[in-house]
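**Student:** First the structure, which I've put down as structure tokens, then a few questions once you've had a look.
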Amino acid sequence: VGCEECPAHCKGKNAKPTCDDGVCNCNV
């Protein structure tokens, strides 16, 4: 998942989306 889609991808997962080296991470 790319950075631009990260917030939507992580939404509803109680996550704080971060982006490292172009990679989306949903950090709980």
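In case you wondered, yes, glycine gets a Cβ from its N, Cα and C as well.
According to Swiss-Prot, the protein has these features:
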type: DISULFID; residues: C3-C19; note: disulfide bond
type: DISULFID; residues: C6-C24; note: disulfide bond
type: DISULFID; residues: C10-C26; note: disulfide bond
**Student:** Could you list the residues of the same chain, at least six apart in sequence, whose Cβ is under 8 A from the Cβ of C3 (disulfide bond)?
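**Tutor:** Long-range Cβ contacts: C19, G22, C24.
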**Student:** Cβ-Cβ under 8 Å from C6 (disulfide bond), same chain, 6 or more residues apart: which ones?
**Tutor:** P17, T18, C19, C24, N25, C26
**Student:** Counting across all protein chains present, how many other Cβ atoms fall within 10 Å of the Cβ of C19 (disulfide bond)?
**Tutor:** 14
**Student:** How many neighbouring Cβ atoms, not counting its own, are there within 10 Å of the Cβ of C24 (disulfide bond)?
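**Tutor:** Excluding its own Cβ, the number within 10 Å is 19.
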**Student:** Using DSSP, would you call C6 (disulfide bond) helix, strand or coil?
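**Tutor:** Assignment for C6 (disulfide bond) reads helix.
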**Student:** Within 10 Å of the Cβ of C26 (disulfide bond), how many other Cβ atoms are there?
**Tutor:** 16
